[in-house]
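Structure in structure tokens, see below.
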Amino acid sequence: AHAICTAVWICLGLASMVIVFFCNTYYIMILVWGLYFLVHSFTSPLPWATCGHPWNTVNCTENFRRACHNHSTLPLLCVEPEGMRSPVMEFWERKVLRLSGGLDEAGDISSHMVLCLIATWVIVYFCIWKGVKGTGKVVYFTALFPYLVLVVMLAHGVTLPGALDGIVYYLKPDWSKLGEAQVWIDAGTQIFFSYAIGLGALTALGSYNRFHNNCYQDAFVLAMINSGTSFFAGFVVFSVLGFMAAEQGVDISKVAESGPGLAFIAYPKAVTLMPMAPLWAALFFFMLLILGLDSQFVGVEGFVTGVMDMVPPKSIAGRLRREVVVAICCITCFFIDLSMVTEGGMYVFQLFDYYSASGMTLLWQAFWECVVVAWVYGADRFMDDVARMIGYRPMPYMKWCWSYVTPLVCVGVFLFHVVNYKPLTYNSVYTYPWWGEALGWGLALASMLCIPVTVLYKLLRCKGSFSERWQHLTTPVWGRHHMEYLAPESEAKLLPPNGQTKNTLLFESVI
């Protein structure tokens with residue numbers, strides 16, 4: 001809704017700004033790793049396809065000899081010798097990550113990864129430094145090119161032996177997984193990330209739209225394209241995973257990794273088994289880099305827009321050119337990212353990923369957004385505002401979603417995760433120390449506490465009884481420049497009296 005800023009909206013905005021800042025800080029590492037793999041893809045054979053490199057150990061082997069046992073009640077079961085490691089795993093952990101023994105072993109900074117980090121931040125900077133007009137032109141390539149790559153990779157993937165088994169595994173759900181809390185929190189995190197819900201990026205970028213832009217229709221189109229793309233990409237990934245399982249003679253569940261493992265372990269291993277491996281590796285990691293850039297500069301753009309709107313234009317900070325603000329943001333994130341290119345950087349990355357912008361914090365944010373829209377501002381009033389913008393009222397079920405369905409789902413999944421909370425581990429082997437857990441909760445609470453702390457601060461600063469303070473802080477404030485969009489009879493009701501204009505702070509949205 002336009003021009004409705006109260007104290008409650010401010011606290012939600014601050015929380016989303018903290019979340020998107022943390023997300024921008026650690027998400028760039030996906031691009032860094034992708035760029036590093038892309039550079040190493042232009043060699044034949046691929047460096048992660050063979051042993052004998054300086055980073056390999058004596059346990060590295062290219063061909064596992066499996067001990068196979070045939071049981072009467074079980075299919076042929078093959079087990080790899082304990083202690084043997086594949087070259088792709090050693091390339092990932094010993095060359096790319098240079099993984100240390102734990103969070104307390106930071107180790108040295110990798111100069112090669114620092115160069116990749118600088119390169120990615122420079123690319124992000126020049127994608128957004130001129131504003132949304134320049135960013136919009138970049139998006140035509142970054143958003144459309146991955147579709148071309150996905151189609152090419154799917155056409156090749158379905159011709160591989162075992163691809164059909166992989167697709168069947170992809171389409172056949174395991175309903176028992178619904179009893180695991182982590183599955184729900186991972187699903188919530190994926191939806192929130194792919195739709196940018198709770199991050200504030202859509203709100204910031206949406207402020208550049210014209211007033212009468214059909215945001216209601218855009219929301220449906222976004223959901224259909226986003227989920228459709230994810231569903232389509234699953235066929236590409238699992239056709240290759242099915243091929244891997246057939247080549248290695250194991251069940252597909254043994255090769256299906258989650259998180260960074262899918263992009264930097266499973267798929268690099270798959271391309272080593274394909275003809276023209278360097279070509280497919282370069283194509284895949286270039287696509288990964290483009291997809292990551294698309295998400296990264298949108299997040300940074302949303303954060304920069306929020307900062308520039310929040311800073312008073314007549315202050316020293318408000319006079320800074322946009323290019324300078326973007327540069328300050330990128331440089332600040334860069335210095336924080338230096339902790340993630342050390343030997344213990346993967347442990348730091350996982351802390352940020354699991355706590356700072358995970359499903360837990362995003363569910364908290366989304367719950368309070370629904371509460372504020374539906375119960376503080378009013379669902380009917382919000383429907384009226386949308387109707388003024390798009391020319392018709394949205395379907396009534398939207399109001400029920402804002403008021404009941406979405407808040408109940410958010411709080412249900414949130415409580416399910418809290419009750420079934422398990423300490424953070426890396427690769428199911430390394431358990432984080434207590435101070436690492438405390439640091440992670442600090443990252444989570446940095447955004448979650450913005451909401452109650454800001455509300456409490458605003459209440460204490462106001463005068464009068466509690467009900468008077470609450471009424472004052474939750475009353476929408478309209479600027480006179482919005483009255484052109486309202487009916488004349490509504491203007492007198494919505495504008496504050498002339499005597500109060502000097503004491504009323506009007507937050508103007510960017511149109």
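Each residue, glycine too, has its Cβ placed from N, Cα and C.
Relevant sequence annotations retrieved from TrEMBL are reproduced here:
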- 7-38: transmembrane segment (TRANSMEM)
- C51-C60: disulfide bond (DISULFID)
- 109-132: transmembrane segment (TRANSMEM)
- 144-171: transmembrane segment (TRANSMEM)
- 191-208: transmembrane segment (TRANSMEM)
- S194, N226, L291, D294, S295: Na(+) binding site (BINDING)
- 220-245: transmembrane segment (TRANSMEM)
- 279-304: transmembrane segment (TRANSMEM)
- 324-342: transmembrane segment (TRANSMEM)
- 362-379: transmembrane segment (TRANSMEM)
- 400-419: transmembrane segment (TRANSMEM)
- 439-460: transmembrane segment (TRANSMEM)
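Provide an account of the burial state, proximal residues and distances for the features listed.
Listed in sequence order, the residues of the same chain lying 6 or more apart from C60 (disulfide bond) and placing their CB within less than 8 Å of its CB are C51, G52, M84, R85, S86, P87, E90.
Counting residues 6+ beyond its ends, the transmembrane segment (109-132) has Cβ neighbours under 8 Å at 28, 31-32, 35-36, 39, 96, 98, 138, 205, 208, 293, 296-297, 300-301, 304, 322-323, 326-327, 330, 333-334, 337-338, 341-343, 345 in the same chain.
Same-chain residues lying 6 or more positions outside the transmembrane segment (191-208) and placing a CB less than 8 Å from one of its CB atoms are 13, 16-17, 19-20, 23, 132, 215, 222-223, 226-227, 230, 298-299, 301-303, 305-306, 309, 357, 359, 361-363, 365-366, 369, 509-511.
Within the same chain, residues at least 6 positions away in sequence whose Cβ sits under 8 Å from that of N226 (Na(+) binding site) are S194, Y195.
Distant neighbours of the transmembrane segment (220-245): 147, 150, 153-154, 157-158, 160-167, 169-170, 190, 194-195, 251-252, 254-256, 262, 266-267, 269-270, 273-274; these residues of the same chain sit at least 6 beyond its ends, with a Cβ under 8 Å from one of its Cβ atoms.
Here the transmembrane segment (279-304) has long-range neighbours at 17, 20-21, 23-24, 27-28, 30-31, 34-35, 37-38, 41-42, 46, 120, 123-124, 127-128, 132, 135, 138-139, 141-143, 145-146, 149-150, 152-153, 156, 196, 199-205, 263, 267-268, 271, 322, 325-326, 329-330, meaning same-chain residues at least 6 beyond its ends whose C-beta is under 8 angstroms from one of its own.
For the transmembrane segment (324-342), the residues of the chain that approach it from at least six positions outside its boundaries are 21, 24-26, 28-29, 32, 100, 106-110, 113-114, 117-118, 121, 124-125, 128-129, 300, 303-304, 307-308, 348-349, 352, judged by C-beta separation under 8 angstroms.
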Suppose the Na(+) site is S194, N226, L291, D294, S295. Which further residues of the same chain have a Cβ inside 8 angstroms of that site's Cβ centroid?
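The answer, listed by sequence position, is T229.
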Would you mind listing, in sequence order, the residues at least six apart from S295 (Na(+) binding site) in the same chain with a Cβ closer than 8 Å to its Cβ?
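Within the chain, S295 (Na(+) binding site) has Cβ neighbours under 8 Å at Y27.
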